[in-house]
Amino acid sequence: AVYGARKMEDYGRFLVLLASALLVGFVTVIFSLVWVFHYREGLSWDGSAREFNWHPVLIITGFVFIQGIAIIVYRLPWTWKCSKLLMKFIHAGLNTIAMILAIVSMVAVFEYHNVSSIPNMYSLHSWIGLTAVIFYSLQLFLGFAVFLLPFAPVPVRAALMPIHVYSGLTIFATVIATALMGITEKLIFSLKNPPYKASPPEATFVNCLGLLLVIFGALVLWMASRPHWKRPPEQNAKVLRPIGGPPGGTEAESTMTDGSSADKSELRINSEAARKQTLKLDEAGQRSTM
């Protein structure tokens with residue numbers, strides 16, 4: 001009842017940050033489209049520079065914006081009454097979409113480079129970008145195998161959860177940094193007359209796009225790192241209750257109707273300890289990201 005009546009601390013501030021993140025993320029995607037259509041000849045899949053333009057658009061849309069939403073989806077207070085399993089599926093689904101878009105964007109780059117006889121994987125941007133994609137795919141696979149499917153033991157989940165959380169946030173921050181390197185590299189290579197250093201309109205516009213990426217990343221990381229904005233533990237405890245189990249507690253508690261008072265007391269102590277341990281393990285995953 002205590003947790004059920006609990007309200008999110010600074011609820012209004014959270015909504016402001018959430019609305020700001022969604023707005024900035026949406027504007028960032030729009031900026032990427034304006035860039036490629038207004039300054040870079042548009043989109044196509046013909047091996048030309050227009051095919052390359054899919055790369056920044058899909059990275060910003062999927063690997064940045066959708067991944068950012070996947071990170072904070074557990075923090076949305078109106079979802080706290082939803083099943084934790086449902087939220088896991090939503091979290092995994094968003095990350096899967098982001099992964100698919102990232103892979104398509106990589107294919108576009110390699111195909112364009114091959115058609116244009118441009119070497120692959122020679123820049124720091126490409127090294128870090130491919131590393132981020134590889135680790136993101138591993139993060140997604142382990143997230144499905146350990147946290148979504150019901151086969152991994154609870155101790156294994158508890159041991160891997162801090163790594164899962166840390167690596168998810170690290171990958172997201174790395175993607176933001178890699179995107180900044182990529183758009184800067186593109187401007188340096190593409191702007192010749194006038195050059196990038198002369199600050200032509202395209203350079204100024206894309207620099208603003210980079211600032212929007214930083215702001216979006218900062219908002220997402222701030223919301224994901226605030227412990228008082230996480231999903232209340234009571235909701236998690238309800239989800240963790242065994243199917244068919246008694247609504248008031250664990251199976252051990254349901255046997256307390258018989259036996260001596262000493263046995264009942266011992267069972268209550270054991271049940272309470274188990275419940276606290278379950279809550280402790282699950283609270284470790286409140287900032288879960290894939």
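Yeah, the Cβs are placed from backbone N, Cα and C, and that goes for glycine too.
Automatic prediction, not curation, is the source of TrEMBL annotations.
Noted in TrEMBL for the protein shown:
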- 14-37: transmembrane segment (TRANSMEM)
- 20-225: domain 'Cytochrome b561' (DOMAIN)
- 57-77: transmembrane segment (TRANSMEM)
- 89-110: transmembrane segment (TRANSMEM)
- 130-151: transmembrane segment (TRANSMEM)
- 163-183: transmembrane segment (TRANSMEM)
- 203-224: transmembrane segment (TRANSMEM)
- 234-290: region 'Disordered' (REGION)
- 261-290: compositional bias 'Basic and acidic residues' (COMPBIAS)
Using a Cβ-Cβ cut-off of under 8 Å, list the residues of the same chain that are 6+ residues beyond the ends of the transmembrane segment (89-110) and lie near it. 45, 51-52, 54-59, 61-63, 66-67, 69-70, 73-74, 120, 129-130, 133, 136-137, 140, 143-144, 148, 288-290
Averaged over the domain 'Cytochrome b561' (20-225), the pLDDT of the predicted model comes to 95
